[in-house]
Amino acid sequence: MGDPVKSDAKTNGFHKATNGHHQQQQEELKIAIIGQSNFAAEVLELLLERDHLIVGVFTIADKAAREDVLATVARQHGIPVFKFSAWRRKGVPIPEVLEQYRSVGANLNVLPFCSQFIPMEVIDGAAYGSICYHPSILPLHRGASAISWTLIEGDERAGFSIFWADDGLDTGPILLQKQCPVYGDDTLDTLYKRFLYPEGVTAMAEAVDMIAAGTAPKIPQTEIGASYDPALFREENQYLNLNQPAVRIFNFIRGLDSVPGALAVVQMEDGEEVPVRLYGASLSARRSMVNGKPIQFKGSTGSAFVTREGIFITGTDGSLVRVRRIKRGNRVIPAGEWFEQMGTTKATPLVLTEKEQEQDTLLRSIWKSILKVEIGPETDFFACGAGSMDVVRLVEEVKDTLEVPIDNETLFMAPMYGEFLQEVIQRMRSGSNGDRVTNIPLDYKHVVLKANRRQIVVPTQLFINGRFVDAEGAKTIPIVNPTNEKVICDVANASKADVDDAVQAADEAFRGVWTSVSARERGQLMYRLAELMEQHREELATIESIDSGAVYTLALKTHVGMSIDAWRYYAGWADKIEGSTIPVSPARPNRVLTFTKKEPIGVCALITPWNYPLMMLSWKMAACIAAGNTVVIKPAQVCPLTALKFAELTVRAGFPPGVINVVTGTGSLAGQALADHPAVRKLGFTGSTPIGKRIMASCAESNIKKCSMELGGKSPLVIFADCDLEKAVRLGMSSVFFNKGENCIAAGRLFVEDRIHDEFVRKVIRGIKTMKIGDPLDRATAHGPQNHRAHLEKLQEYCAIGVKEGAKLLYGGKRVPKMEGLFFEPTVFTDVEDHMYIAREESFGPIMVISKFHASDFDALVARANSTEYGLASGVFTQDIAKALRFAERVEAGTVFVNTYNKTDVAAPFGGFKQSGFGKDLGKEALNEYLKTKCVTVEY
């Protein structure tokens, strides 16, 4: 992941550093790839995509009969592969190795990642030189552990360099560099996966393109600020210095997380010294430990404590570092369980039943196929040389073969075969591979969510044609819990080809099996699905809370409750969709019968947002299915888990394969592929107005597909002085803070009559102070985390603009302090003038924007309420019904609430005007969005 290129001879004149660009190329590049790893394999494939000629791949020798992935990929493309255990012997290049290298005739060497010493005869042997990738901003952090030292030294920016190899250690001229910020929660793994790996692959190809074009620079490295750091693969360099400020301790631990781990030694009360490795560090906001149990680290002058939350280490500045996981020997345990684990004796081996003995045999065969060694109880998975891809393979094969929900952490906590077997058998005995109403085997990859005293199995693959399948190339995207910003799982990341497979499956079902299901049978399937959703109501609400941050009680009542209501409501409509008979003027003496038929459109695509994942799915899909269509849905990238659990329930309900398909992934790829697909005849979208415009353009340009749009809003709520003030305050707060403000019809701007303005504001702020902010699974919580980090950052920016423009920030406006997770304080702005940004633009968060008005000019008030390009919803509080109806008549919004707010029902149509979109969800009107009208005229 960061080894330098190692060379052993003086550079020739061609490689001396020069300013300016590489000379114009006259000869086609003939590239040799030298190195190893997935990184090198992806560089190889990207170069091939860009039509570069790869004449040979030179990689490491097989380890335990397992070849490096670079060799495998090269062979798939028919590229010659050469495997060397070394390029030199006793410091001298091996002649036969040099001969094999020269045999391919390479004129450019590309070294994406290389751990071997490459002779200068090779480095200088290519006419156009050798380029190397190094994961630091050279000349900083030369050496084999650059990423770790970037974190250890607390650098604010990380990056990588692609340089021309010379006879020094990472000292050659720079070809290109790229940088990224280092975030407070970055670790070695996250930094690599987020930026250094994906951007590095692309940059290597970019560098080769520049060489091919003759525009590649050779910029000499300065020695000012240069550093060469010790190699952290040496154990003596892995020891943590505990006598330094907390931030330095934190940076060292995260710099070695998750491989190899920061080393420390625990001194036990009996004098025993226990070496341990520390993982999962964070800076703690705590300043004291009241209930912690002391733990002593060797050489430390500060105190350390164990609590249920982990181990807290005190830095020399008095600040605390929290450590979540600790490794002793081969076992990783939660740090908070240190004393319990130390005090336990080795578990008594389980006595296996005959069936379990068969499962033991299967499990051993999986381990043996991966490790290529005989498997015994003490066989250590990692000590046998297994890497990260082997972990993934083991977990997936065990899940597929034994149908037991395990994950990577299962192996990390029990890396020896005997322990691992016991863990698997215990899970199978406890029934955690099952489901309370399971009639269908768990033949899909999944994650097990342990929350609310439940173990909830959730699929993580695409759902196409009635089966859960991997995305093309097994590509995945991480799903993050907004409550703690930890990755819940990885789900499939659909490609354009995957979307095409889903659309084809839907199209075949629409033209085949779905036509044999009558309208009444269709309704019965929907009723059955609603009953299953009812049975799994608590599970669905729990998933929604973990996945999207929805407060559990709200998720139970609204997110899930209204979803069930929608399926039941439209199940009743399924056999009541009908046309009409139309009297026309016939050409006498003939008679004419003219009638209309309401027919399903065909394959419909649905793209739903992240604020109400299951409810938005249900609002649209229930009407779509009731009308007789088949569907492909792309749920929001950041929270697709309820959609995947829903897909499982559709199978249990008996829906034929292909009728309902779920593709998870990005909007730019999977969503765009749906908008562009010629076999999709209708697209329903809920999301932002800018994205809606792009989707409409794609729908028009592809095949003029029908579309309906529920887009942004800036809904006005007018509160007159003659209202029921207590009710107006309560529902006014709900109009803004409901679902932590992530609500399409949220009151984006409140107009409060000047006579009650100050009292209204005081009551609102008093009410906010009583709201409990915290874990959405806590039944007392009223305000959960925002859905994802990017959104929270936009809310911070939104508030900053409001303050800058002169609005008065009375409360909130910032992230909740001293709380992990994406929590944003309920916010109140007053003195907001019409021209201000926050008066015009939607925040989509818990931000109340208040403006005063004088009741003497009703027309001016309505004009202010309408002075927006949005028209989704509106509201008015007044005891004067005539005034309320005048407002309802003149306001430009699809929904008007009078003396209430957020009062939606599945039977009432929902949708906006102007740039809030067109078309309706809910009610009878929504069926028309998924139907086409055919007129039939018969002369007789």
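All positions are counted from 1 along the displayed chain.
Using N, Cα and C of the backbone, Cβ positions are placed for all residues, glycine too.
Bear in mind that TrEMBL entries carry predicted annotations, made automatically and left uncurated.
Positions annotated as region 'Disordered' by TrEMBL: 1-22.
The feature (6R)-10-formyltetrahydrofolate binding site is assigned by TrEMBL to Gln116, Phe117, Ile118, Asp170.
Per TrEMBL, active site, proton donor is recorded for His134 (among others).
The annotation site 'Essential for catalytic activity' is assigned in TrEMBL to Asp170.
What TrEMBL records for 354-432 is domain 'Carrier'.
Taken from TrEMBL, the feature NADP(+) binding site covers 634-637, 667-672, 687-688, Lys794, 842-844. Residues within less than 8 Å, Cβ to Cβ, of Ser843 (NADP(+) binding site) and separated from it by at least 6 positions along the same chain comprise Gly741, Gly748, Leu795, Tyr798, Val849.
Per TrEMBL, the feature active site maps to Glu710. With a cut-off of 8 Å between CB atoms and residues at least 6 apart in sequence, the same chain places Phe685, Thr686, Cys744, Leu872, Phe910, Gly911, Gly912, Ser916, Gly917, Gly919, Asp921 near Glu710 (active site), listed in sequence order.
Annotation source TrEMBL lists active site, proton acceptor at Glu710.
Annotation source TrEMBL lists active site, proton donor at Cys744 (among others).
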Intrachain C-beta neighbours of Lys634 (NADP(+) binding site), sequence separation six or more, cut-off 8 angstroms: Ala494, Val499, Ala605, Leu606, Ile607, Thr608, Val662, Val663, Thr664, Gly665, Gly667, Ala670, Gly671, Leu674
Candidate binding-site residues Ala636, Leu669, Lys794, pick with smallest Cα gap to Ile118 ((6R)-10-formyltetrahydrofolate binding site): Leu669
Maximum Cα-Cα separation (Å), residues Gln116, Phe117, Ile118, Asp170 listed as binding (6R)-10-formyltetrahydrofolate: 14
Spatial neighbour of Gly687 (NADP(+) binding site) that is closest, considering only the recorded positions Phe117, His134, Asp170 and their CA atoms: His134
Recorded positions compared (Ile118, Ala636, Leu669, Cys744) - the one with the fewest other Cβ atoms within 10 Å: Leu669
Cα separation, Leu669 (NADP(+) binding site) to Gln116 ((6R)-10-formyltetrahydrofolate binding site) (Å, whole number): 38
Top Cα neighbour of Ala636 (NADP(+) binding site) in the set of recorded positions Phe117, His134, Asp170: His134
Listed recorded positions (His134, Asp170, Gly667), ranked by Cβ neighbours within 10 Å, top entry: His134
Summary of DSSP states over the domain 'Carrier' (354-432), given as helix, strand and coil counts: 52 helix, 2 strand, 25 coil
Residue among binding-site residues Gly671, Gly687 with least C-beta crowding, 10 angstrom cut-off: Gly687
